[in-house]
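Enquirer: Take this structure, written in structure tokens, and hold onto it; I'll ask about it next.
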Amino acid sequence: MLRTFFSFLLCLPLAAAVHAASPGATTAHRDGYQVDIHEFRFQPAQLVVPAGAHVTWTNRDEEPHIVVSAGNGFASSPALDTGDRYTATFAKPGTYTYFCSIHPQMVGTIVVK
Amino acid sequence: MNDDHRDDNTRTPSRRRFLECMAWAGAGALWMVQGGVAQARLLGAAGDGTPAPAASFGFVQISDSHLGFHKAPNPDPVRSLRETIARINALPQRPDFILHTGDLTHLSKPEEFDTVAELLKEAKTGQVFYVPGEHDVIGDNGKAFFARFGHGANGGGWYSFDHGGVHFVALINVLNLQPGGLGFLGADQLAWLKRDLAGLSDSTPIVLFAHMPMWSLYPAWGWGTQDAAEALALLKRFGSVTVLNGHVHQIQQQVEGQVTFYTARSTAYPQPPPGAAATPGPLQDLPAGDLRHAIGLREVRHVRGAQPIAVTDRALD
Ligand SMILES: [Cu+2]
């Protein structure tokens, strides 16, 4: 199948399509901790925050992602399209694992001290 | 370079390139599956006119329509799905039904589901059978999807039916996913599958369809189903098993014993081959005209009394 793919590349005209990835404008927002969702990864994959912290995820991919708590430790996000944000508040200390239910290979952890 | 062969050397590359382009841009590859071993035969651009072997029936697989997607390389997946349906309606032999192997929508929105339902009413086939992709079950574990596109009263959404002597099984592998995991069937579904297959003779041809690949195509990108081996163990005794999946927006194929696995193109946009890019996201840098070579439909024919199931992939161009 790789061969087929490269055959396909041979068929492309030389002009390259121009595509500018434009993640949503980053405007200042409320104090808190940030997790970027970029290239199908949560960045940072592990974030340590104090109790009561707000954590905001921002999808900087062209693909939609979701923040889903493993074991219902916090409310899951709706689908986040490009540039969308989601904020959750972590009141209690603990380790909160989450993942993207569209791409379950994407896993992250919030450690609340 | 060898002077004696200068003519060949100057002529061959363009000729080869032409043939390869025809292979992609033409009607696709015709797969004949015999005794579990698939052999590819290339169809020319006039493949639509190629006489098909006498089939007892045929059906079409489409996949990954992603209505609601609105970016490069396909800002208009409504149009490409509509064109795909027009191609289905123009097939020389009318398919008995369509299988849609999931990701009807991009974000599980009601208006996206509405549009899919409206568009597929234009298909001149008996029925459309659906399974959900992970994009169809966002936020509600598939409630909206099953209410609209579900078949049968089965609680988990899986189902089976018989057609022309072939047993079709629709599996759901996009729910109850675990962090770091792949597609997932679950114990309830596997127990149902065991009961469903119990009464069938070993010679019954089986066509199993589900959204995510049922083999380990590329686990690093989540392209597999973690408990697929348990389902395949139940299928071992059958002489002919064809597994049709979507999810990866490209044609991939694998043969394991009597089981042949295929993934289909999307009707919306292609994704990179396993590991060929940083992420499995859409292949965006396609010049406008070339998108049509990378999306399309799959025609499947079954000949009664013969093992081969012929699979023909047709790009829009
Ligand atoms: Cu994701």
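Just so it is clear, glycine is given a Cβ too, placed from its N, Cα and C backbone atoms.
According to TrEMBL, the protein has these features:
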- A:H65, A:C100, A:H103: Cu cation binding site (BINDING)
- A:14-112: domain 'EfeO-type cupredoxin-like' (DOMAIN)
- A:1-20: signal peptide (SIGNAL)
Enquirer: What is the number of residues in the domain 'EfeO-type cupredoxin-like' (A:14-112) that are helix, strand and coil, as DSSP sees it?
Expert: 0 helix, 42 strand, 57 coil
Enquirer: Other than A:H65, A:C100, A:H103, which residues of the same chain sit close to Cu cation? List them in sequence order, counting a residue when its Cβ is within 8 Å of the Cβ centroid of the site.
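Expert: Result: A:I37, A:F40, A:E63, A:P64, A:I66, A:F99, A:S101, A:I102, A:P104, A:M106.
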Enquirer: Fewest other CB within 10 angstroms, which one of the binding-site residues A:H65, A:H103?
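Expert: Among the binding-site residues A:H65, A:H103, the lowest count of other Cβ atoms within 10 Å belongs to A:H103.
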Enquirer: Looking at the binding-site residues A:H65, A:C100, A:H103, which ones have a CB within reach of chain B, meaning under 8 Å Cβ to CB?
Expert: A:H103
Enquirer: Let's check the environment of A:C100 (Cu cation binding site): how many other CB atoms sit within 10 Å of its CB?
Expert: 29
